[in-house]
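Annotated features, as they stand in Swiss-Prot:
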BINDING   Pro32, Asn33, Gly34, Ser35, Gly36, Lys37, Ser38, Asn39  ATP binding site
COILED    169-288  coiled coil
COILED    330-499  coiled coil
DOMAIN    514-628  domain 'SMC hinge'
COILED    661-771  coiled coil
COILED    802-836  coiled coil
COILED    979-1033  coiled coil
Amino acid sequence: MYLKSLTLKGFKSFAAPTTLRFEPGITAVVGPNGSGKSNVVDALAWVMGEQGAKTLRGGKMEDVIFAGTSSRAPLGRAEVTVSIDNSDNALPIEYTEVSITRRMFRDGASEYEINGSSCRLMDVQELLSDSGIGREMHVIVGQGKLEEILQSRPEDRRAFIEEAAGVLKHRKRKEKALRKLDTMAANLARLTDLTTELRRQLKPLGRQAEAAQRAAAIQADLRDARLRLAADDLVSRRAEREAVFQAEAAMRREHDEAAARLAVASEELAAHESAVAELSTRAESIQHTWFGLSALAERVDATVRIASERAHHLDIEPVAVSDTDPRKPEELEAEAQQVAVAEQQLLAELDAARARLDAARAELADRERRAAEADRAHLAAVREEADRREGLARLAGQVETMRARVESIDESVARLSERIEDAAMRAQQTRAEFETVQGRIGELDQGEVGLDEHHERTVAALRLADERVAELQSAERAAERQVASLRARIDALAVGLQRKDGAAWLAHNRSGAGLFGSIAQLVKVRSGYEAALAAALGPAADALAVDGLTAAGSAVSALKQADGGRAVLVLSDWPAPQAPQSASGEMLPSGAQWALDLVESPPQLVGAMIAMLSGVAVVNDLTEAMGLVEIRPELRAVTVDGDLVGAGWVSGGSDRKLSTLEVTSEIDKARSELAAAEALAAQLNAALAGALTEQSARQDAAEQALAALNESDTAISAMYEQLGRLGQEARAAEEEWNRLLQQRTEQEAVRTQTLDDVIQLETQLRKAQETQRVQVAQPIDRQAISAAADRARGVEVEARLAVRTAEERANAVRGRADSLRRAAAAEREARVRAQQARAARLHAAAVAAAVADCGRLLAGRLHRAVDGASQLRDASAAQRQQRLAAMAAVRDEVNTLSARVGELTDSLHRDELANAQAALRIEQLEQMVLEQFGMAPADLITEYGPHVALPPTELEMAEFEQARERGEQVIAPAPMPFDRVTQERRAKRAERALAELGRVNPLALEEFAALEERYNFLSTQLEDVKAARKDLLGVVADVDARILQVFNDAFVDVEREFRGVFTALFPGGEGRLRLTEPDDMLTTGIEVEARPPGKKITRLSLLSGGEKALTAVAMLVAIFRARPSPFYIMDEVEAALDDVNLRRLLSLFEQLREQSQIIIITHQKPTMEVADALYGVTMQNDGITAVISQRMRGQQVDQLVTNSS
């Protein structure tokens, strides 16, 4: 097993991904100080799980991420991957190559991977621990590690040996077992307490379970009796309903016959009504026709009058067409023709002028040609003087060139000036807009502050509203739970009041027959003394108040006759004694009270209360009660817990049933608490509604504030964008202004220089002309030719002016002819429209006259039609009156039949109601059976109907089985036929038996079974926990023994190797390792004793720096040789050694190379010489580490490092 490669990405100074590939043997990493060599060691420690930032030479773990340089930005994460060759299966994983990756981000998040799969730090540490690489990282010896080893405590030195020997995993196992033991101790104590408590609860719950089992048997008997009675009721009610149904059917037949006769009469009445309606409709139609014809005749008469008047008006002659233009179209066209002729003449003149212009241009060209020929002749004549005047011509040319250049520069300067003014104006405008927008941004920023504060206030208010709503909701839920709990308690207590004894029977069946109600409801007891008064009253606490002895006798007789059970009755007319104890002022000992003083009763029960409670005192406890009775035997003393003491007897104990008096008091107390709880719930509900409204308002306000803030942010962002654009435009304009200004300055400087050159050249030219001696005579004919050319130029200019004048006159006349032609066409169209309008008016007059004639004919016909419609209307009215008389007779018959059908309908409804009531009673009975017994009606009648005989009871069958087992000749009990009276008595007996049992816990059986099961389960768990504790103690003992054995063997081997290594490093010296507490091998530390040759040193602090380093190296090498690891990493461990000691150490490294891989950071040349491969680490000015490598064996160079930017 050895390290194959190390890949660093963003780790410390390794900004670019860098991969170092290792091989077995010694690998030396060299380079100047500060180049990042030690970062390789830190990366190996970090990827193998190092958690100490100081160990990695940093202040915090995030310092391992590349922090950036002046030329490179910082990175967001650091990642290191180490690949390990596992072909020898040294690591407990089924891979021949294992890669471990650690990754850290700026936010502190860290990730680990093994072969690309995510894992935990513990997984990495456990994977490496089996190969001797533990959390202490003894295989990595960093800078300062040697001094730390010698200055550390003896117990810390022990950790190095334990880690190399693999003891740490045993210690982890022991620590885990001890933690389990601590947890198990708490669980053991809890289980013991639980089993003790369950064992205490089992006995009373077992008694309740027996009572519940007895009650279940009685309830089964009661259920059977009630089911049979319910089935009998259901059969009886169904028979009654069938009889009602038959009567209803007969009544329905009679009703249907009367309804049929009524239907015939109704149809006849409907026929008459239809005929009357038809006649009415026809009469109405005739009436409408008459009205329509009369109105139409009126409209026709009006139309005739209007048409006559229209024909009269249209005969008038229309007005003239138009007076806008007095000229006729022919005159306008003639004028247009004249203008066109003039235009043609002007065009002919224009052509002539153009021809003269062409001739003048030809003449000018000829004259200029002759002038040019004369010039050339003149030049030929003076060519002989050219050489002498060459300098003069050159100067003249230069002057002209310079003058042209000056003119060009002037034009350029003028253009630049215009552009400079434009740029300055644009810059000024842009800057003004920039300042305006900047001012608006300032205003928005001020508003933004207010919006932020407003938003924060609304959010804070919303948070308070949310908290208030949550608080009120929690309080409301608590109040609702309390209300539900109190209602359930009241219902449960009310069930206790529903007694099944004689008092309940009397209250249900003879209410009002001299009965006032129960004593518990009529009497009010002071709170806290209900149990005492219930014990003092005894059976009377559950009694009924009756109106005297007569009512009491009647009630008892009724109970006997109905077999309704027994009841206690209190007489309301019992005379009160003159002076009861409470009123006579008779004193009681301190803490005792008269029972009568604790009771408030109605006037009619005062005598009975005095009779029952006279001589009864209420005390706090049983001791006071016994003392009071011993002093005053004539009294009875009752405690607040319900223990009663009299002369010679005591009644008390536990498991007492609540009396009706106590139950009523508890109900009253619960009702008062319920009223308070409901009031509180209502208050909370109202407060919650208000809080929700407030919350909604606050939510809306917060959303509005947020929207306003977002809108403001959007506006500010847009303003900032506009501000940036304006700033750029202003800067561009200013830069252009500066650039143009600079160009103009440069051009002006060039112009100045050029003018100076022109002046200089002109001076030279003037001097040359003054010294000119040869004058070239100009021929006379050349002057004539030039004059002729000038005259030709004047003629060409005059011809060009004539052409321009002719063109303007032609353009002026060209549009006038078109305008006149359009005017003539418009006048002609107007005259046509006038003729058309006159023809239309004549046609309209003829049409109006024709309409008037036709209207007169139509009016005569309409008047005759109106007379005919009037006659038809009168005849239709007479027919309608005849139909109405016949319809009245039929309606009387319909009314008579309707009354009979109504009576039959009422009778039928009564029968239907009776049938529905019978069905409702049946449905209610079926619903009651379904709800109480969970049986369908059909199953009820099938299994428990009157036709089903009663099977023998369980007791009869048990007696039969017993007799048969005894060998007696017995006959099996036969089923008994159904008898309602017998079943009613059977149900009452079962009810009395349940009443005698008292309050029964119906869940006792299930609770007892569950509790017993839980007790057995917990008992088993308790034994399992004890056994597991014993096993864990055994595991701890085994681990301790294993630690002792492994550590002892490792220490012996390391101590032996230390002697040899120390002697090799210090020839003639002596060194050994010593246990600080040999008697306690589990906690003993290790001391190092070193005596270099020729020195008597007892303390390590007296050694020199090199001797300390060699001693620490000796201890590490001893550990390495005693318990070899696959690889070791050392960072400048030989820096303090001289050449002799260094070579001794290197000889040890060469021995270690045979078994392990060594990676060493060094500056020493001897160390480099023994290395199998060298890695050179450099750092340029960019602050980023780069690595190069060279394999030393065989002087062959391989590229083992990959750098990528």
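Each Cβ is built from the backbone N, Cα and C atoms, and glycine gets one as well.
Where Swiss-Prot records a feature, it is marked here on the structure.
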{"residue": "Pro32", "record": "ATP binding site", "CB count, 10 Å": "12"}
{"residue": "Asn33", "record": "ATP binding site", "CB count, 10 Å": "8"}
{"residue": "Gly34", "record": "ATP binding site", "CB count, 10 Å": "11"}
{"residue": "Ser35", "record": "ATP binding site", "CB count, 10 Å": "19"}
{"residue": "Gly36", "record": "ATP binding site", "CB count, 10 Å": "25"}
{"residue": "Lys37", "record": "ATP binding site", "CB count, 10 Å": "24"}
{"residue": "Ser38", "record": "ATP binding site", "CB count, 10 Å": "20"}
{"residue": "Asn39", "record": "ATP binding site", "CB count, 10 Å": "22"}
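When averaged over the domain 'SMC hinge' (514-628), pLDDT in the model lands at 78.
Shown for the domain 'SMC hinge' (514-628): DSSP residue counts in helix, strand and coil, namely 58 helix, 20 strand, 37 coil. Following the DSSP three-state reduction, the secondary structure of Gly36 (ATP binding site) is coil.
In sequence order, Ser13, Gly31, Val1177, Met1179, Thr1185 are the residues of the same chain, not among Pro32, Asn33, Gly34, Ser35, Gly36, Lys37, Ser38, Asn39, whose CB sits within 8 A of the CB centroid for the ATP site.
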